[in-house]
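Copied from TrEMBL, the annotated features are:
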- 28-70: compositional bias 'Basic and acidic residues' (COMPBIAS)
- 89-577: domain 'Major facilitator superfamily (MFS) profile' (DOMAIN)
- 1-70: region 'Disordered' (REGION)
- 86-112: transmembrane segment (TRANSMEM)
- 124-142: transmembrane segment (TRANSMEM)
- 154-173: transmembrane segment (TRANSMEM)
- 179-204: transmembrane segment (TRANSMEM)
- 211-230: transmembrane segment (TRANSMEM)
- 242-262: transmembrane segment (TRANSMEM)
- 312-331: transmembrane segment (TRANSMEM)
- 352-372: transmembrane segment (TRANSMEM)
- 392-411: transmembrane segment (TRANSMEM)
- 446-467: transmembrane segment (TRANSMEM)
- 479-503: transmembrane segment (TRANSMEM)
- 554-574: transmembrane segment (TRANSMEM)
Amino acid sequence: MKSTPHNDAPEIDEQNDASSRPRSITRRSTESKQRPNDTTDVVEAKEEKKEINSEAELRRTETSDAVRSRTDAIEEEIEYPSGMRLFLLTIGLCLVIFVISLDNTIIATAIPTITTVFDSLDDVGWYGSSYLLTTTSLQPTFGKIYTFFDVKWTYLSALVLFEAGSVICAAATSSPMLIVGRAVAGAGASALFSGGMTIIGFSVPLRRMPIYIATLSGMFGIASVVGPILGGTLTDKASWRWCFWINLPFGGAAFLAVLLFFKAPKRDVGNLTLRQKFAKLDILGAVFLICGVVCLLLALQDGGTEYPWSKAKIWGCLLGFGLLIIIFIGIQWWRGDDATIPPRIFIRQRTVFCGSVFTCFLSMALYTHIYYLPFYFQAVLGTSAEGSGIRSIPYLVSITISSLIVGALITKIGYYVPFLWVGSAVFTVGAGLLFTLQVATSTGKWIGYQILSGLGAGAGLQVPYLAVQAVLNSKDMPIGNAIIMFSNALGGSIAISVAQNIFRNTLLSSIPKHSTGIDADAVASSGATQIRQIVPPDQLNGVLIAYTYALDRAFILPIAVGGSAFVVSLFVEWNTVKGKKIMHGGAA
């Protein structure tokens, strides 16, 4: 194809246009400068440039049509489940998302009873941190496992691992056994959310995917509301062990649904050997990350409680954490795009970096409230585990409602950064009010304080996920989301240990100040629900004041990190989601 010549303009051959066009335009520009009074060549150059642009646009359109045709052809080749088969598969995936989300909240109201059974108040932090630790550390690794190994059998294996951890927890005869079970369950859970999104991606066409992604994501909100109530009810009416046994029927139904109704499509992953596939997983980086975080949690958990901060064991853990993380960072830099956390995305993209730090801070604040508000309700107010769960509803419902409202507003106006500011600011105010809780605080106040904190948390927590999708291309979006999810879980695991350290140390030092003849260690080790059984009535009020004061000191942490989240939000790039196709999640 040749362009039509105008006024003896040189012909432009398509095969040689990459070289001939620039020379042609340059020649005419030179001639125009030599003959300033003659405008003919200038007009010709403009016409020629229009032809070049038209041809380029035509080629882009043809390429775009070809890509769409190939995409449609690929979708036609995939055998999507339909009808009852798709319905049952979706129900199974929803059940899995529900139980792994439930595991984050159901134990909160059961922990006071568990500490009483095992005399293990010192281990409260590990009940949550052990689950979050493995979930956090292994999440990026499982994303790569899904890339190189069969999706169906990887998912089912992870589900079996999660169920095995639940059985260990339910049958635990000691606190360490419960902690191990939580870690095993967390390892399985780390693969189930991203795996569910991947299975949905292979089960429905792209144009129908958003409604299914929204359905799976909605399970998190439902579990956050149901978890504390269900945990309290099971603990009071049956046993705290049923908080873990309940996972088995849900998991069994989901296992059958995926086994029978999901057919993984064939994928071209190259002719990689098993050894080469494992080499792509950055197992070395994951090992150093897990070991580093364990060292940090050990230091935060035992420092100032089991051992003084000057103890060699504590300093050794802190030093080990520093060295292991330095090595981990070096591994990430060395592996580049094959790293668990690619530096190109985390370091050089400001929104991803600030969004992950923001999420880590806000998660620290939120998990502190979720795990320690039940202690206020059960120990100070004297409610049952079920009653504690009911009293936590204002917090959790306000989070869900706020998330939905903010999501709709961002969809409407496009800009998301203002909600980072407002969410973190409102949360910090609510956290400051929860810090003022006393033995005699009225019902209206602690309900209102929870609502304010929940509205702020719900407004801010979801925004970083939208932000990374607004600034990253489709290839990098799953990695960006994984980094945000990693930061969320890491913040929660650190917060629980830090808050436990603050709470226990303050409780031990406060009891002698507000009561006489009371063994502070006995109170701290007895569990929240046994205070009224071991403390004489004439000394109970003083012990409750000390207990409330210890909780208030722990609630300083949410204020500090909530305020820090607000500061970090000021550095997030101003951007909009309008005009950009948002990827709602999923794993590679």
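Backbone N, Cα and C atoms are what each Cβ position is placed from, and that goes for glycine too.
TrEMBL annotations: computationally assigned, not manually curated.
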On the domain 'Major facilitator superfamily (MFS) profile' (89-577), the mean of the pLDDT values is 84
Result, the transmembrane segment (179-204) in contact with the transmembrane segment (86-112) (3+ CB pairs under 8 Å): yes
Does the transmembrane segment (352-372) make contact with the transmembrane segment (554-574) through 3 or more Cβ pairs under 8 Å, each pair 6 or more apart in sequence? yes
